[in-house]
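Taken verbatim from Swiss-Prot:
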type: BINDING; residues: ALA134, THR135, GLY136, GLY137, SER138; note: AMP binding site
Amino acid sequence: MSDRVLEINALAKELKANLKQFPNFPKEGILFEDFLPIFTKPDLFNKLVKAFKLHVGEQKIDYVIGLESRGFLFGPTLALALNAGFVPVRKPGKLPGPTFKVEFQKEYGSDEFEIQQDVIPKGAKVLIVDDILATGGSAFGAGELAKKTGAEIVEYLFVMELDFLKGRDKLDAPVYTLFGGQEEKFTE
């Protein structure tokens, strides 16, 4: 393994040790892993951004697209670390000016996202970031919006992944998660 991969793995291990677990949240049978404690400690927040920056390496990234709302927590900071712009993907009616809109399927129904039409130039290289990859519906929707702008999706980045939901199967660009989440549902 390269030194870079070893460093990312060490950072991921330390970050994962700082998660809090909540059994049966938000519903029975789910073990919720809360990554918000990372943001209460500046050294951990810096390590989260460093791990993603190390992963991206020397790839040229023009924009980081963050999903509402947890993609907003680290997306702008990662964009700054990569010398890239940050572009939010939001629920309908939250962005001024002309927007592209997409409807996507989630675990329990459908939802919509929007992105401003004129903020990403055609051919720009983008990362799409969010906290958790679950069913892949939200990330898929953001990817469809990125395509409408003419951007090239370099990769989807997530802090965690609920592997058993197979959300990465819905995405048509490489997927990277700092650490995998649950492989199956929680049972007591």
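Just so it is clear, glycine is given a Cβ too, placed from its N, Cα and C backbone atoms.
Quantities reported herein were computed from a predicted structural model and do not represent experimental measurements.
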Checklist entry - When neighbour density is defined as the number of other C-beta atoms within 10 angstroms of a residue's C-beta, which of the binding-site residues GLY136, GLY137 has the lowest density? => result GLY137
Item to check | CB within-chain contacts under 8 A for SER138 (AMP binding site), separation at least 6 | outcome: LEU67, PHE104, LYS106, ASP111, PHE113, ASP130
Checklist entry - What other residues of this chain sit with their CB within 8 A of the center of the CB atoms of ALA134, THR135, GLY136, GLY137, SER138, the recorded AMP site? => result LYS106, GLU107, LEU133, ALA139, PHE140, LEU165, GLY167, LYS170
Checklist outcome for this item: Sparsest Cβ environment (other Cβ within 10 Å) among binding-site residues ALA134, THR135 belongs to THR135
Item to check | In three-state DSSP terms, the structure that ALA134 (AMP binding site) belongs to | outcome: coil
